[in-house]
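Taken from Swiss-Prot, the feature nitrite binding site applies to 65. Look at Swiss-Prot and you will find 65 tagged as O2 binding site. The heme b binding site annotation in Swiss-Prot covers 94. If you look up Swiss-Prot, you'll see 2-148 marked as domain 'Globin'. Positions annotated as phosphoserine by Swiss-Prot: 4. The annotation phosphothreonine is assigned in Swiss-Prot to 68 on the grounds of similarity to another entry.
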């Protein structure tokens with residue numbers, strides 16, 4: 001299920017656009033995630049009180065957390081599948097501390113693709129979307145395997 005060099009290049013090309021505005025992209029990803037899948041908001045004590053999109057947009061903490069999420073994901077994507085060292089602590093915290101189900105990682109993966117489609121239509125055509133989908137699936141599968149090792153049934 002690995003990606004070809006060409007597919008990784010497509011992923012990293014569009015990720016360069018994300019890195020030009022990590023906080024903005026991260027904020028939009030989290031807002032779309034919380035609006036589309038309100039149950040995910042329950043995992044974030046810091047954001048549970050944010051009920052409207054306007055409140056979410058005004059939250060500096062939400063923007064910062066979105067940047068943290070996408071910065072971590074970018075570090076993983078840049079490893080082109082050789083992400084064991086980056087993945088282990090992430091899986092550990094998401095399994096044992098945050099208890100984030102794999103399903104929620106599927107939700108955020110879908111949202112990331114939607115945000116990239118809306119913000120970068122010229123740089124995120126069908127081939128790039130397919131490549132990003134594969135990269136995010138690889139990430140999720142590897143997280144799920146780590147969850148299993150940790151005894152988390154997420």
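Counting begins at 1 with the first residue displayed.
Glycine residues also receive a Cβ, built from the backbone N, Cα and C atoms like all the rest.
These figures come from a predicted structure and were not determined experimentally.
A map of Swiss-Prot features onto the structure.
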{"residue": "4", "record": "phosphoserine", "DSSP class": "coil"}
{"residue": "65", "record": "nitrite binding site", "DSSP class": "helix"}
{"residue": "94", "record": "heme b binding site", "DSSP class": "helix"}
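Looking only at other Cβ atoms within 10 Å, the busiest spot among the modified residues 4, 68 turns out to be 68. When pLDDT values are averaged over the domain 'Globin' (2-148), the model yields 96.
Every protein chain considered, the tally of other Cβ atoms within 10 Å of the Cβ of the residue listed as 'heme b binding site' stands at 22. The 10 Å shell around the Cβ of residue 65 (nitrite binding site) contains 18 further Cβ atoms across the protein chains shown. Each residue contributes its Cα atom, and for the residue listed as 'phosphoserine' and the residue listed as 'phosphothreonine' these two points are 27 Å apart.
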